[in-house]
Amino acid sequence: MSEIKLIVGLGNPGDKYADTRHNAGEWLVERLARRFNFNLKDEAKFFGKTARAVIGGEEVRFLIPTTFMNLSGKAVGALATFYRIKPEEILVIHDELDLPPGVAKIKQGGGHGGHNGLKDTIAQLANNKNFYRLRIGIGHPGDKNLVSAYVLSKPSPIDRSAIDKALDEAASCMEILLKDGITKATNRLNGFKA
């Protein structure tokens, strides 16, 4: 039985943000929807687009919050409460400044590292930080004052290509995660570099 019951892809809603670095988490859930042939549907009570799928014989729920990033925990908290999903059964996919494009890593727990989507998710899960994170590397602009503009802009074609390769590998690892467990998926993904 899979340890993960809910996979969340963080991003900002609307066409304006669709191709920006901050939406890397959403990109992966959309990729999984295409790969495993499920449709995400708007569900107002969960403040997001949701789906239920059976992958590798395991039932899992997917969520893309339709709130802005800094309020995305509202969606995670609402769905987790409704379906009685514990923080330890949640995987949140998000963009990661501290990893280069072409790298993605899974970890459990930790702080929010300044990421407002993680910050709100932690707050909405009663300050429980013990959920899993799948961090999609987007690189860092080099100066903390440039971070906000950087995450809300599109990656260069070279960076996007590297990010896409990491997303493809991460999508393959999600199937491993659901069939064979998080340790096996983590070992494979954390050793990958595009």
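Easy rule for this one: first residue shown is 1, then count along the chain.
In case you wondered, yes, glycine gets a Cβ from its N, Cα and C as well.
Pulled from Swiss-Prot, these are the features on record:
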{"type": "ACT_SITE", "residues": "His22", "note": "active site, proton acceptor"}
{"type": "BINDING", "residues": "Tyr17, Phe68, Asn70, Asn116", "note": "tRNA binding site"}
{"type": "SITE", "residues": "Asn12", "note": "site 'Discriminates between blocked and unblocked aminoacyl-tRNA'"}
{"type": "SITE", "residues": "Asp95", "note": "site 'Stabilizes the basic form of H active site to accept a proton'"}
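Structural mapping of features recorded in Swiss-Prot.
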{"residue": "Asn12", "record": "site 'Discriminates between blocked and unblocked aminoacyl-tRNA'", "DSSP class": "coil"}
{"residue": "Tyr17", "record": "tRNA binding site", "DSSP class": "coil"}
{"residue": "His22", "record": "active site, proton acceptor", "DSSP class": "helix"}
{"residue": "Phe68", "record": "tRNA binding site", "DSSP class": "coil"}
{"residue": "Asp95", "record": "site 'Stabilizes the basic form of H active site to accept a proton'", "DSSP class": "strand"}
{"residue": "Asn116", "record": "tRNA binding site", "DSSP class": "helix"}
Recorded positions near Phe68 (tRNA binding site), in sequence order, restricted to Asn12, His22, Asp95 and a 10 Å Cα cut-off: Asn12
Shortest C-alpha distance to Asn70 (tRNA binding site) - which of the recorded positions Asn12, His22, Asp95: Asn12
Whole-number Å value of the largest CA-CA distance among Tyr17, Phe68, Asn70, Asn116, listed as tRNA-binding: 16
Those residues of the chain, 6+ apart, with a Cβ under 8 Å from that of Asn12 (site 'Discriminates between blocked and unblocked aminoacyl-tRNA'): Thr20, His22, Asn23, Phe68, Met69, Leu152
Integer Å distance between the CA atoms belonging to Asn116 (tRNA binding site) and Asp95 (site 'Stabilizes the basic form of H active site to accept a proton'): 11
TRNA site, defined by Tyr17, Phe68, Asn70, Asn116: further same-chain residues with Cβ within 8 Å of the Cβ centre: Asn12, His22, Thr67, Met69, Leu71, Ser72, Gly117
Site of maximum Cβ density within 10 Å, from binding-site residues Tyr17, Phe68: Tyr17
Largest tally of Cβ atoms lying within 10 Å of a Cβ, found at which of the binding-site residues Asn70, Asn116: Asn116
Protein Cβ atoms within 10 Å of His22 (active site, proton acceptor), excluding its own: 22
Neighbouring C-beta atoms (10 Å sphere around the C-beta of Asp95 (site 'Stabilizes the basic form of H active site to accept a proton')): 26
